[in-house]
Amino acid sequence: MNKQRGTFSEVSLAQDPKRQQRKPKDNKSSISGTKQEIFQVELNLQNPSLNHQGIDQIYDCQGLLPPPEKLTAEVLGIICIVLMATVLKTVVLIPFLEQNNSFPNTRTQKVRHCGHCPEEWITYSNSCYYIGKEKRTWAESLLACTSKNSSLLSIDNEEEMKFLTAISPSTWTGVFRDSSHHPWVTINGLTFKHEIKDSDHAEYNCAMLHLDRLKSVQCGSSKRYYCKHKL
């Protein structure tokens with residue numbers, strides 16, 4: 001449009017020379033301004049890439065960013081992993097830890113109730129228990145417990161038996177007999193009335209706790225032992 005104005009001005013001046021002579025300064029200024037406008041328009045038309053370059057850079061920068069759908073999917077994936085880990089911990093790990101800690105918890109409760117056992121002794125109910133660090137014969141175990149002001153293990157009830165078996169599956173007890181023709185007695189001289197397996201063997205005259213039952217074995221064999229001291 002500016003180009004048309006400039007052309008129209010030039011034609012008008014050519015047709016009216018008298019008018020051109022009356023105002024020479026104004027026409028010269030108008031022509032100069034028109035030429036500048038035409039040059040600016042032509043420059044813009046010749047270099048359209050300059051205007052689009054900035055726009056392309058903006059779109060290129062935006063293309064570097066992940067779309068909102070991708071970000072949402074990644075966040076949901078992380079949340080799912082965290083939830084699965086929490087469920088596995090609740091279902092598997094916590095019951096496992098509770099099961100493994102059931103006996104230590106029982107001992108802790110008993111210690112709080114009594115709390116008078118020497119160091120390295122286990123407290124359960126109203127008694128203290130010492131676990132021998134080495135295997136000994138029945139007679140040697142009896143002497144070792146006597147030196148600790150205690151007696152070789154005696155079992156009062158089934159609950160105590162289960163508790164001790166969970167700590168050590170095999171140990172001497174303070175039950176014996178003189179021969180297969182004599183009854184089983186405790187070290188205190190009391191008749192032992194509970195069943196003892198394999199009591200028909202003539203040489204098996206000492207009783208031990210094995211798993212959840214009592215069985216007769218040779219008194220000269222080496223076994224682990226418990227010392228017991230009642231509070």
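Yeah, the Cβs are placed from backbone N, Cα and C, and that goes for glycine too.
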- Swiss-Prot annotation, disulfide partner of Cys219 among Cys206, Cys227: Cys206
- Look up Asn27, Asn100 in Swiss-Prot and give me whichever carries the note N-linked glycosylation site. Asn100
- Whole-Å Cα distance, Cys219 (disulfide bond) to Cys145 (disulfide bond), is 16
- Query: Going by C-alpha distance, which of the disulfide-bonded residues Cys117, Cys128, Cys206 is nearest to Cys145 (disulfide bond)?
  - Reply: Cys128
- Cβ neighbour count (10 Å, all chains) around Cys117 (disulfide bond) is 18
- What kind of secondary structure is Asn149 (N-linked glycosylation site) part of, going by DSSP in three states? coil
- Task: Measure from the Cα of Cys206 (disulfide bond) to the Cα of every one of the recorded positions Cys117, Cys128, Asn149, Cys227, then give the nearest.
- Result: Cys227
- Task: Over the span of the topological domain 'Extracellular' (94-231), count residues by DSSP class, listing helix, strand and coil in order.
- Result: 39 helix, 39 strand, 60 coil
